Amino acid sequence: MKNEKRKTGIEPKVFFPPLIIVGILCWLTVRDLDAANVVINAVFSYVTNVWGWAFEWYMVVMLFGWFWLVFGPYAKKRLGNEPPEFSTASWIFMMFASCTSAAVLFWGSIEIYYYISTPPFGLEPNSTGAKELGLAYSLFHWGPLPWATYSFLSVAFAYFFFVRKMEVIRPSSTLVPLVGEKHAKGLFGTIVDNFYLVALIFAMGTSLGLATPLVTECMQWLFGIPHTLQLDAIIITCWIILNAICVACGLQKGVRIASDVRSYLSFLMLGWVFIVSGASFIMNYFTDSVGMLLMYLPRMLFYTDPIAKGGFPQGWTVFYWAWWVIYAIQMSIFLARISRGRTVRELCFGMVLGLTASTWILWTVLGSNTLLLMDKNIINIPNLIEQYGVARAIIETWAALPLSTATMWGFFILCFIATVTLVNACSYTLAMSTCREVRDGEEPPLLVRIGWSILVGIIGIVLLALGGLKPIQTAIIAGGCPLFFVNIMVTLSFIKDAKQNWKD
């Protein structure tokens, strides 16, 4: 019994440091919100202006790595000896499901407004040129380039899982080929794992901070309940309690069903928006935006704006590249696990084509709808943001559609389910990563899962208390900095080990 308790207990060296670090940062922030905002602005400015170029080069180098995998010596190598675990259709559907989070619904609905009102390349705000580039930039930030970087890491993790038969729940275990077993399991590996966990906690808290206001604004629209910070906190608390009940009562099957419902409802809601908002315009705008993307792609890839200093690449491109970096390990582990039995080329092409199609559909439909509503003066997004906040502006883009009550109910259910599954996934991932020798498929301890969901909820509330998007953007960028190096080390470790052990 003692051995079993030890086996399923927490791993102190990766449990307590992230808990203490995040706890102290939350306490300091709540203690003085104004001072915290000053620090946040300073951190954001320093990282994006001084080191933004590094994130851009990281994405470009990883893109070349994708081409090397697709056309290089490992292209036909199979990730495991078994046939593919899922059919190609199911595999692609599972990829799409991973893209339909509430945070994605947040950015997909409002991102184009920011690109048009504060455009790149010195364009006039709200001009024709700004509108032509609006969706093109969304397709750039959520298109083949970032998914290609995830492909490389997914191949790396799939190689360690299915070829080398390694149990990987933290990144340090993949670094043995690069730094040796002594360092990977010693202080160096512990530091790497703690960087990963702190960044992941902030990323998940950020996603919760984006998702919660959408649900509470829906509640205000549907039920007339005023949206306040207290309501946000109550809703987050309810999600944590619901997650605890699901885990304690063995309702994980219900959570998985909810995840499937989320995916199907996403298809339904996107189809509805596509039909009623203007299918012809959406297809024309998408086609034109692909052309604009191809025309401006070299500039977008390397745009740092050092002369004009307009701030667009720092505020958006660097932010989004940090977003992709911070979620890379967690997402790549998931994508690797569902790709057993596929070749390297299949995985790389499947991810880039399938996931790009998913994100492009989301951003095209939601972004085009927002642009149409702005052009027709149906909603005034600047006034809505100034008076009520970003979440209200997003809600109004949905409420302006025909059959508004039914549409809002659909959006409310979608956001609620998406956030329930988010909290569940957060608690599971963090508990798995901070427990001792919990194997894949096993359940980590209940109290550990509840504890992490509470901490993630607290971070979400703190970010909401700070107000605005800058704290959320800064949390992502600050967390992305250490993972920038961790991702590179995982990649190099895979290349070194594959060169030695993955021969014909």
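Glycine residues also receive a Cβ, built from the backbone N, Cα and C atoms like all the rest.
Some features that Swiss-Prot has for this protein:
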type     : residues : note
TRANSMEM : 10-30    : transmembrane segment
TRANSMEM : 51-71    : transmembrane segment
TRANSMEM : 92-112   : transmembrane segment
TRANSMEM : 143-163  : transmembrane segment
TRANSMEM : 195-215  : transmembrane segment
TRANSMEM : 231-251  : transmembrane segment
TRANSMEM : 263-283  : transmembrane segment
TRANSMEM : 316-336  : transmembrane segment
TRANSMEM : 347-367  : transmembrane segment
TRANSMEM : 398-418  : transmembrane segment
TRANSMEM : 446-466  : transmembrane segment
TRANSMEM : 475-495  : transmembrane segment
Quiz item: If you count Cβ pairs under 8 Å, which stretch among 10-30, 92-112, 195-215, 263-283, 446-466 touches the transmembrane segment (475-495) the most?
Solution: 195-215
Quiz item: Counting only residues 6+ away from its ends, which parts of the chain sit with a Cβ under 8 Å from the transmembrane segment (51-71)?
Solution: 145-146, 148-149, 151-152, 155, 301-304, 313-314, 317-318, 321-322, 324-325, 344-345, 348-349, 352, 480-481, 484, 487-488, 491
Practice problem: Using a Cβ distance cut-off of under 8 Å, indicate which of 92-112, 143-163, 316-336, 347-367, 446-466 has the most pairs with the transmembrane segment (10-30). | Solution: 446-466
Exercise. Could you tell me whether the transmembrane segment (347-367) and the transmembrane segment (143-163) are in contact, taking contact to mean 3+ Cβ pairs under 8 Å with a sequence separation of 6 or more?
Key: yes
Quiz item: Are there residues at least 6 beyond the ends of the transmembrane segment (92-112) whose Cβ is under 8 Å from a Cβ of it, and what are they?
Solution: 86, 134-135, 138, 206-207, 210-211, 214-215, 259-260, 262-263, 266, 331, 334-335, 338, 350-351, 354-355, 358-359, 362-363, 365-367, 369-371, 381, 390-391, 393-394, 397-398, 411, 414-415, 418-419, 422
Quiz prompt | the transmembrane segment (195-215) touching the transmembrane segment (398-418) per 3+ Cβ pairs under 8 Å rule | solution = yes
Exercise. May I ask which of the stretches 231-251, 263-283, 316-336, 446-466 has the most CB pairs under 8 A with the transmembrane segment (347-367)?
Key: 263-283
Practice problem: Find the member of 195-215, 231-251, 263-283 that has more C-beta pairs under 8 Å to the transmembrane segment (316-336) than any other listed stretch. | Solution: 195-215
Quiz item: In the same chain, which residue numbers or ranges, 6 or more beyond the ends of the transmembrane segment (195-215), come under 8 angstroms Cβ to Cβ?
Solution: 14, 17-18, 21-22, 101-103, 105-107, 170-171, 227, 232, 235-236, 323, 326-327, 329-330, 389-391, 394-395, 411-412, 415-416, 418-419, 422-423, 426, 429-430, 433-434, 452, 455-464, 472, 475-476, 478-480, 482-483, 486
